[in-house]
Amino acid sequence: MTQHFLSLLDLSPEEFRGIIRRAGELKQLQHRGEIVETLKHRVLGMIFEKSSTRTRVSFEAGMTQLGGAAMFLSPNDTQLGRGEPIEDTARVLSRMVDCVMIRTFEHEKVQRFAEYSQVPVINGLTDLVHPCQLLADMQTWFEHRGDIQGKTVAWIGDGNNMCHSYINAARQLDFRLHIACPEGYDPDPQVLDPAADRCTIFRDPLQAATGADLIVTDVWASMGQEEEQKQREKDFAGYEVTAALMAQAAPDALFMHCLPAHRGEEVAAEVIDAEDSVVWEEAENRLHAQKALLEFLLT
Ligand code: CP
Ligand code: NVA
């Protein structure tokens, strides 16, 4: 059976922790300028049906650093954009490359691709989940604070793909998750229900943040929801992560955001640009965590 990475739940908790550990090693080696070519001559195909800065650059740089190569495929210039079925594309690409990363809208599309692929498929973000980001977020937490087991994370904002991946991470790594979202923006019950014992929904963001060890947020309108931006700005009023909200959290609480961020909307500039914001390392760790993931899937 080919091992895919469509969701964090495709890993065992031990595998998740192993990837975080290896990501830390790869980071140190990279910072020391040591060459690690564990994926020599291997090729990653990357299908992007949505925009990306971090995901594209980290996968592309990561493959090159490990001795392989990555190929950027946009629907605009491939037959995918002209209606070639996903099943056919999967069968063809997986005879040519060693791994495929996909960023798209419907989660079902990556599942269908994986079903027809002979090689590992990585979810680079769907409307449902963003598991690669959680590898980096958890690596960042472990580097700063050690194990996350038993800690409390507060998710402030939309019950979106990132929130869903936090819910899955809470199950895998055994932490508590406070989710503050306006009514109508709750996470999908299919994701939330199996984690109900460790997740609590709040309508008051300050209450959700109280005593939390990590505060996390994300944009109010995700990719594909651009026309809802104005309505969402109204619905999410009061959900901005401000210094006052951070003051409710534990004294050494960290702040994370997957980026791109909108200062003055979901997060105040004074929070994201403060000392206890680890967003730049979080972004850098996309590189190291995904290199560890690629090694895990391909070696
Ligand atoms: N966080 C994240 O996935 O960023 P990009 O959209 O730039 O890839
Ligand atoms: N929730 C955001 C995450 C971007 C990395 C989106 O899907 O647009």
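Glycine is treated like the rest: Cβ placed from N, Cα and C.
Per TrEMBL, the feature domain 'Aspartate/ornithine carbamoyltransferase carbamoyl-P binding' maps to 3-141.
What TrEMBL records for SER52, THR53, ARG54, THR55, GLN79, ARG103, HIS130, PRO131, CYS132, GLN133, CYS258, LEU259, ARG286 is carbamoyl phosphate binding site. The Cβ of CYS132 (carbamoyl phosphate binding site) lies under 8 Å from the Cβ of PHE5, THR55, ILE122, ASN123, GLY124, LEU125, ARG286, ALA289, GLN290, LEU293, each of which sits 6+ residues away along the same chain.
Marked as domain 'Aspartate/ornithine carbamoyltransferase Asp/Orn-binding' by TrEMBL: 149-296.
The L-ornithine binding site annotation in TrEMBL covers ASN161, ASP218, SER222, MET223. A coil conformation is recorded for ASP218 (L-ornithine binding site) in the three-state DSSP classification, outside any helix or strand. Neighbour count (other Cβ atoms within 10 Å of the Cβ, all protein chains): 25 for ASP218 (L-ornithine binding site).
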Among ARG54, ASN161, CYS258, the binding-site residues whose C-beta sits under 6 Å from ligand 1: ARG54, CYS258
Extent of the carbamoyl phosphate binding site in Å [max Cα distance among SER52, THR53, ARG54, THR55, GLN79, ARG103, HIS130, PRO131, CYS132, GLN133, CYS258, LEU259, ARG286]: 31
ASN161, ASP218, SER222, MET223 screened against HIS130 (carbamoyl phosphate binding site), Cα within 10 Å - retained binding-site residues: ASN161
Neighbourhood of ligand 2 - binding-site residues from SER52, GLN79, CYS132 with Cβ under 6 Å: none
Least surrounded among the binding-site residues, given as ARG54, HIS130, ARG286, when other CB atoms within 10 Å are counted: ARG54
Per-residue Cβ crowding (10 Å cut-off), top of binding-site residues SER52, GLN79, ASN161, SER222: ASN161
